[in-house]
């Protein structure tokens, strides 16, 4: 039992590390760490199962600081409990270039940071993925190997963001009972009292989504502990509404928005030291308190060792499989299965939509890779993401491999991030490409966090036809290409689709978006290639009959058009080559020589893509011809739309002829 | 009183027009119009105040079909009640290129389509803006001129999307009692029963946000009418949960996802005709039923005339002001106020952050333009969007001009769209630029709908410093530029900021995003110019001392760096010009000659922008030098970040020197 006095001093250690670090950085958010210190102290000293010396232990509990601006809470905890990445010097270097203690928690900077947070609501939505991954893996590997909790600290901002509703509705529906969310209910947002903008009864709201809710005094360690016990004893996901005072302890500023996002200032820090009876100098933690914290960091060593013993005692295949999946290695059967499939494609040359090609590829890879978890935002039949292996994950049976995410693109993407971060699973899921806009903040975080998640985005152009401009992506491919470290694929046929899936599964440090058509496409790749040509980003698909005077670059459904234009031009005596460009990002990773060779030196350069021009000047130069969209689409049968918007082989050939014979 | 039999036949007219149109188009969503026909019939024949012959009458009630895939419901209603835009031929041309009856309702295609819907949740969130605009204008112009209702039909998808939570929380908080939402509670989504992915108690959820809720049988006209009465008698916004059968009347497919997004097929349509006793041929409406509908369309003529009488009787200034605002014309005082302000800027040359410049400009324009409605997603002090004129809009006083939107970027943007669509107001509001990602689907719709809304996006680069990569936009400027019909401004100083605001307010057919710095910037425009130079999109800010061998293009905070690089290069004997590029989109609207002159023919072309390169090849060509970001940012003081990422005058000058003296 920790005495109240000891608890208070342990919590105060967090408070002073946080306020002193923010003060030194002259930047940051002291209010949350000060307000939530008691919650964190109870959680980390009594409940959270973790081992700072083995921070990646797979069966650890996860702690997600969804309110990422309170990063000093997390850094303080990591330092105090003995994670070696976060030294006192790192704390002193808070928010400095090159430090591990960035302004917001950055996944990968230090062990113990389970996810990158800061954009509000994301951590909460990630946690649904973490908790779901735990249940799914538990269904495969049993309680012996997978049996842990996901705890989240969320603020008012997290709960106001719409993504929170998607997350809590999904968690409630899936009955993720091992998910416990602390709401730091401090009534303060940046602009002032929460009552400026919100009157929601959060408990009622969570209950409406099937959650167990409890309210408690967030500064009473006993009450917090009781709430956690209650949460752990309830089969539903739990919300613990902790009434807290933001900036707890600061005599003049606590409870106001003044402590939210600014340093307290010397004077107020002095006053806080007095008020809380803290005599230690900045960045010094009294040795008995540091000892107590370090002891808390050793609490789960026994559990971890027992777990290791259980793992060691597991049946050899099961153990090997568990370890493989946790390492993130693909199974040995993946490559041969894909090679065989591609050989079959080369023989069959199917004329199908690439969304169908994707389903065909998924049928193979889901058979070979048991850790893929599919899904869709209520467009299963349109996204073609469900295969014979993927029975649904349900609230009563987590052994499935398919998640009906509902019409929740944003929550879906964030949950996928959580699953990938948890480890042991490779999530993929689908929606229409245009609705990548809804999921974009989470897709960006997948890139920033270097996670292997695969976004299947079908209906990837005006080629979707009648649904019209609200559903026709024209700028989404460009906008996604803009995200750093994000592989955006637009395959041209079944072969390229298979290749893109191969790359996506092998891409361990970047997420992928695969843009796929609704409409059927012919096979443009006629032969089997041992090399994955799509991995080059761009490659010459069709050579010119002689030194090329025209080069046509195209992606996806427009490669067919490029090839037809080439036929016309060559028939008119203009040697023309076609370059397929399935992935800009990978092309940029090729050697300068390769890039130069692909771009070539044709007199006329044309790009064809049923999207906007942005980004294409890299290939065709400022003076190149772009055949694509110049504004929003329209509602109508897709063949008519292609004609209407002038995305045709005739238009491309005519544009080339005009440049080749300017006097004509 | 409409007899039940008459009601049923009137509702069936909607059902058959919808199923026949979908059948003819071989594309579309018959299930919703068939299921919601009874609700719509009661609403349009008994409650909705509208006049098809005067569809833009400002005090009409608004009907928002948030579940936009059910577009045939709306088109049927518009045809039946006598809107001249929607003829029976348009119904027959459903989803055909060039028709007014696009796959989803497109604002501007036909009167009576109040907003573009299809992306789920958007209409519901727009409606908060519609209802808020009604209250705000009511506070200015009184019940005589502004006193109407906003009715929404939303589906399960709308309620699953996170944006719905932002919308309902805001509406509940602001007590928008004249907002009535019908939830088409049909238990079916595209993938199957809603229970696949959701278990939310929607009534409880809405109640948690301060809504009045009622449940009723959505096929019982009396029950629907009673529910509407109850909704209108309650001071809170109301949710009417209407239990319906999707595809009502189709004997074999009703109540299943088979009627959601596919034509019923000939056989099932025949069976439905039999089941509902409908003998009319496709696209024929029995004359007594059409007459009854046309009469319903005349219901509000008297009200409209009374309103016109009241308007005519209003005090002349009030009437003129009301009419001006409804036309969307700016007041006469706007231009001179801005001119005087710009003259003062030319004299003062303030060194301030552009977010501060924006506040200064807003102080002037809010003084001159009473219809601006400001706000922020809980970053008021950071976005600098509040001025002396803008007291808050509160649940008890709608006479203010500032909305505390809460941490709800997406709902905010959609509500702004709703206000702009309502007319009479010009909404602007702020968040951090990186969080434009959260608002993107609504920002896209602002562009598609040609609405004058202004998105103030501060903290527009790594220049925000310590908050780190989660908060540092690197790809957002490019991604926003990708949206068609969206003016993305990145002004370089106070003068350009004023100019951009002028353009944004004058932009009646396109929304604007103004990207603004956190850090201070010097005045780069030293003199007053009568012409708004930013309206050119790009202009020569600093001439070269002789024929330019180097041209540097830059935006925003990097214009200062470009000018410093120019100084260095000219000191080394390299005549260098600097082009400021506040808006790509406007540059593309200039004459070819102007564009060519601005791009020039310097040997070396450099672009400097603290974002990604995408889009810049338009200015500098493939071989140009780009000084900017090549990946995500980092946490640290901003000056160090600029150094770290090599975005400096030295780097720019060195790159130019290297190209000018390749042997060095």
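A Cβ is built for glycine as well, from the same backbone N, Cα and C atoms used for every other residue.
Those TrEMBL annotations? Automatic predictions, nothing curated.
Summarising the annotation, TrEMBL assigns substrate binding site to A:29, A:260, A:355, A:382, A:459, A:467, A:471, A:518. Residues or ranges marked as site 'Important for catalytic activity' by TrEMBL: A:29, A:260. Annotation source TrEMBL lists thiamine diphosphate binding site at A:69, A:118, A:119, A:120, A:157, A:186, A:260, A:435. Here TrEMBL flags A:156, A:186, A:188 as Mg(2+) binding site. Marked as domain 'Transketolase-like pyrimidine-binding' by TrEMBL: A:352-524. Taken from TrEMBL, the feature active site, proton donor covers A:409.
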Mind telling me which of the binding-site residues A:186, A:382 has the densest Cβ neighbourhood, counting other Cβ atoms within 10 Å?
A:186
Take the C-alpha atoms of residue A:157 (thiamine diphosphate binding site) and residue A:467 (substrate binding site) and report the distance between them in angstrom, rounded.
35
Could you find out if DSSP has residue A:467 (substrate binding site) as helix, strand or coil?
coil
Can you grab the distance from residue A:355 (substrate binding site) over to residue A:435 (thiamine diphosphate binding site)? Cα atoms, rounded to a whole Å.
16
Looking only at C-alpha atoms, tell me how far residue A:120 (thiamine diphosphate binding site) is from residue A:459 (substrate binding site), rounded to the nearest Å.
29
If you measure from the C-alpha of the residue listed as 'active site, proton donor', which of the binding-site residues A:29, A:69, A:119, A:260, A:435, A:467 fall inside 10 Å?
A:435
Near residue A:69 (thiamine diphosphate binding site), which of the binding-site residues A:29, A:156, A:188, A:260, A:459, A:471 can be found within 10 Å, Cα to Cα?
A:29, A:260
Please work out which residue of A:260, A:459, A:471, A:518 has the most C-beta neighbours within 10 angstroms of its C-beta, and give that one of the binding-site residues.
A:459
Members of the binding-site residues set A:118, A:188, A:260, A:355, A:459, A:518 whose C-beta sits under 8 angstroms from chain B:
A:118
Using Cα positions only, nearest of the binding-site residues to residue A:260 (substrate binding site) (A:118, A:119, A:156, A:188, A:435):
A:188
Reduced to three states, what secondary structure does DSSP give residue A:188 (Mg(2+) binding site)?
strand
Mind giving me a neighbour count for residue A:118 (thiamine diphosphate binding site)? Other Cβ atoms within 10 Å of its Cβ, every protein chain shown.
26
I'm trying to understand the geometry here, so how far is the Cα atom of residue A:435 (thiamine diphosphate binding site) from the Cα atom of residue A:156 (Mg(2+) binding site), in Å to the nearest whole number?
26
Please work out which residue of A:119, A:157 has the most C-beta neighbours within 10 angstroms of its C-beta, and give that one of the binding-site residues.
A:119
Looking only at Cβ atoms, how many others are within 10 Å of the one on residue A:409 (active site, proton donor)?
35
Same chain, |i - j| six or more, Cβ under 8 Å of residue A:467 (substrate binding site); the result in sequence order is A:459, A:635
Where does residue A:518 (substrate binding site) sit in DSSP terms: helix, strand, or coil?
coil
